[in-house]
Every structure is written in C-alpha cells, then in structure tokens.
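S.K.: Attaching a single structure in structure tokens format; questions to follow.
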Amino acid sequence: MSAPTTTPQAGTRDIPPAARPRPSQAGGGPSNRLRAWVTRAPLLPALVFMIVVTQLPFVATLVVSLFDWNALYPEARSFSGFANYAEVLGDAELRDSVVTTVLLTATVVLVSLVLGLLLALLLDRTFKGRGVVRTLLIAPFLLVPVAAALLWKHVLYNPEYGLLNGMLTWLFGDDAPQPDWVAEMPLGAVEVALIWQWTPFMMLILLAGLQSRPADAIEAARIDGAGAWQIFRYLTLPHLRRYLELGALLGSIYIVQNFDAVFTITSGGLGTANLPYTIYQTFYQGHEYGLASAAGVLVVIGSLIIATLALRVVSSLFREEARS
Amino acid sequence: MSATAAIAAPRKVRRRNAVLGLLAWVCGIVFVLPMVWMVLTSLHSESDAATNPPSLAAPLTLDGYREFFGVGGGASPWPPLANSLTASVVSTLCVLVLALPAAYALSIRPVRKWTDVLFFFLSTKMLPVVAGLLPIYLFAKNTGFLDNIWLLVILYTSMNLPIAVWMMQSFLAEVPTALIEAAQMDGARLPTVLTRVVAPVAAPGIAATALICFIFSWNEMLFARVLTGVVAETAPVFLTTFITSQGLFLAKVCAASLVISLPVLAAGFAAQDKLVQGLSLGAVK
C-alpha cells in the first residue's frame, strides 16, 4: 500500500485535461512493451486461473475420450482411438438423451419466453402494488433448484396427497380424476417445474427491455393514430428483439446443462434423461470413463454449434421481419 | 376522432388499466402459490400435510422444522449448511479478488483486444460443466481432495468468475476516469486505486455481483454431489436425500427446502435491482 494521500476525496479535485498523464505522451521504444505488461498484469491472475481450472480438465477429457477405460477394470485400460465416439454415436440411449435435451430446452425456453413477455407487458404499466407483484413473480426463481424440484415432485405432483390432485378433488368431488403426473407425463412434469422457475428470469430481462423503450417514438405513433397492437408489432417487438435473443440464449445455456430437475423429479427415468444426466450416469454409476468423456466432448461441440447457430438464426429472422 | 370518443377514452382506458392491473395481481399470486403452499405445509403436522383434499385450516406447528433440524434424531443439517456457507462465501471472496483487477484491465485501462478476452471468459460459461467433471473427479481422487470443501471453493470460483468479470466490467466502465487519473497522479498504485477509488464508487455493483455469485454457489448441486461425501456435503446435496423418501415427510421436506433456500431468497431480494444485469452478464442495464 502506498501513501495515505490517495483517498477518494483526492479524486474530486478538478484537474485540467492537459495535466493528466497520457500514456502516449510518455511513450518510449522499449518501455512500451513493459507498459503493455503492466496493463495486462491485473488481468493475468483471473485469466490463468480460468485456463487452469476450466480448460485443462477439458483437455484431459479429450485425452480420456480416446481410451477404453472402465474404472472397475483399471488394468484393462488401453488406447482405442475413436472407438468411444463410434460407440457413443451408435448408442440408442445417448441418442435418445440428445433428443430429450433438445425437446426439454426448446420447450422450457420458448414457453417461459412467451409467458415472461406477457408478464413483462403486464408489469410495464403503473398499477397499485406493482412492486409487490414483481417481487411475487421473482420468488420462484430464488428457490434453490433442488428445493423447487422437490416441491413439485412431492408436494404438487404426488398422486395421493399432492396439491394438484387435491385441487381436483376440491373442484370435482370424490370421483375426480387423480392422475399420477410424473408417471403419465414425465418430461412434461420436469418442463413445467423448470418453466415455473425460468419465467421470472425471462420476465426480468424483457421488463428491462420494455423500460428502455424510447417513450417519444411510442407517443408519436399514438398521436399518428397507431393502435395498441400496431405499436406492439412495429415498435415494441423490434426493440425487444435484442432482449428476446438474449433471454433465449442465456436460458438455453442454463437449461441445456440442467441436471437438478431431471435428477430430482424423475431420476432420469421414463425417458427424461438428458445429456448431463446420461453422462453423469455413464461415469458415476457405469464407471465407463472413456465413453463418458467422448460423450462430454460431443456435448461441448454440440453446444458450441447451437450457441453460434442460434445467435445467427435468431438475428437474421428478426432482420427479415423488420424489413417486411 | 369524434368529440365523444375523446371524452370517453380516458374512462375506457382507466377501466382497461384496472383490469390489466388485476390480471397482473392474479398472475403474481398464481406464480407464488406453490411457494405459499410450501410455507403452509411446512407449518402443518405430517398427517395434516398429507391429506386429500388438502387441509387448509389444520393447526400450525413447528414440528416440521424441529424434525429438519434433527431434534428427534436423524442427520443434523448444520454441517451441510456450514459447508455451503464456507463454499459460497469463500468462493465469492476469491471471485471478487480475481475479478476486480481483471475488470479494471478490461474497462478502465483496457488491454489490447479486450473484447476477445471478455468473450473468452463468456465461452468458458458455455462449456457444459459435465464435460470437465470426470477429470476433476479423477484429479481429486488421486490427490486426496475428494470430499474436501476447498475443492468446491476452487470450482465455484471458476464457475462464477466469468459472470463476475462481465458484470464488473460493465460497472467499472461507469467509474469516471478523472477520479482514477487523479489518484494515480498522487502516486497511488493499482491495489490502492482499486480499493480506495474504484471500489467505493462501484460499491453497489460489486455488492450485487457478490450476491449473485453467492446465489449460484449456494445452488450448485452437480459438482457437490459428485465430489463430496459425508464430510463436505453441501445443503443442496443434503436435500437430495429427500428424493426417494417414503412415508410421511412432506412437512419436513418443505421446512428443509425453505430453510435451505432462505439465504438465496434474502440475497436475491437484496440484489433485486441488479439481478437482471447480473444474470444477463451485464448485457442488460
């Protein structure tokens, strides 16, 4: 720590621009490189840490994926080239989990985006208790994911004493239908629980988008006689484009990786095993290290492709719409 | 527009606003209903909690909470809660210590190609966690770090660092440069500039970043489940013991879920205004 002269108050002194030190003015040949390193220095700890903790394991995964390695038979470990990849791609269970992942992610993201948009539109107006309603709506997002999944599994979906069937009994009396929600629509059960948690997230992003709308353009359109639908379609929606994209992308990134809800509600049974769950299963219970790694590598490639594609498709879609 | 329409419009608008306001209230209540039910169930006795139709007016009791805290025997939740607290708080502190200088080098005095660096951080967030899990597990197993809370501290730091760098980058960009240059003219070096000048000005943003990192660490379950056991078990892993529970346990599971979610609810509501900015990695202000 240097001299105590550097208190925040020191900064409030007004300094004429000419007196400010300019890096370019002080520039000298060899000291430039030193200066570049001085500039970079604060970044390095974080960068090195990230590379070591997130990139090295991935390289290790790549290496392991080339080995035939089952932890229960460690002496049988051998180099097998791309055999694991062939096995993963030919494995029906893994292919199913790819489909499940896509279905789960697409459903949850789209439904919570639409619901989030409707809620954001409702909240983007003044009414009594607006702050309270906003807080109520955020609450589901602030439950620990495992806790939220347990709530749905045991307290709401339970066929004998869950709230859903209890409400059916209230409404229709003793001979009301009492479906076993998780058994009859396993993927839907997981999806509804996730939509409940992620709608607030979408709503928050879209609400921020709505509130950054230029008010004068909307006022001008209204004076020119534009109806509510026209304003929404030609002013609000194009403005929200960036926010919808962002919500969809971030939602996809988080939900593709979802493990907690699948693990808790169905334990991956009944055709709900998504990729993270299947890989977890392959390595943690199947002890097939090589296979799990190959699947992991494929997931990484897949999610990189999806992330890149999604960005492009969505932005071009909206550009076309804006033109028509 | 005719004269009558112009006069009638405000009343119509007012009525429409009232209806939409009511609708917003209904939506809010529908969304929070499962949680309200959870609170109510946690306060019922086990036999009242498991009835069909639900018993709304059953007498309230704290038995569910007593049961959860292990008063009647059974596993105590305190060690997992303490583990979660350690992992979340320490990793959040580590994140701040690493992210603050990094954000400085990406906003106030940006390095060359600083956007590339920023996107490198983001890309690590897109790597599925599960793809790196096995090597980390093997590393931990071979170095004796399995079931050790400090391993989770390191992993949670790496999990939250990209988010924190993105958030702080956008917060620090708002710190007036004149302030920093003045301090540097007075001979202050980087650590002093960061702690004495930048941090106080960006304090609300830094606090929000910390709260969001805390939430993500507290919620994390996959790493914790694979890498910890009896000793370093965290609160979400403790909750997973309820997945296959049989018999009467609804009040207890509700009490457990609520208590374990309480820190997240508190942190989330405290950071409410900055929540979006944090979750969207600083992209939405």
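Each residue, glycine too, has its Cβ placed from N, Cα and C.
Checked TrEMBL, it gives:
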TRANSMEM  B:20-40  transmembrane segment
TRANSMEM  B:85-106  transmembrane segment
TRANSMEM  B:118-137  transmembrane segment
TRANSMEM  B:149-172  transmembrane segment
TRANSMEM  B:193-217  transmembrane segment
TRANSMEM  B:223-242  transmembrane segment
TRANSMEM  B:249-271  transmembrane segment
S.K.: Select the range from B:85-106, B:149-172, B:249-271 that forms the most Cβ-Cβ pairs under 8 Å with the transmembrane segment (B:20-40).
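M.R.: Most contacts with the transmembrane segment (B:20-40): B:249-271.
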S.K.: Look over the recorded stretches B:85-106, B:118-137, B:149-172, B:223-242, B:249-271 and say which has the most C-beta pairs under 8 A to the transmembrane segment (B:193-217).
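M.R.: Per the Cβ under 8 Å count, B:149-172.
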S.K.: Residue list, the transmembrane segment (B:249-271) vs rest of chain: Cβ under 8 Å, 6 or more residues beyond ends.
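M.R.: Contacts with the transmembrane segment (B:249-271): 38-39, 41-46, 49-50, 63-65, 67-68, 77, 81, 84-85, 88, 207-208, 211-212, 214-215, 218-219, 235-236, 238-239, 242, 278.
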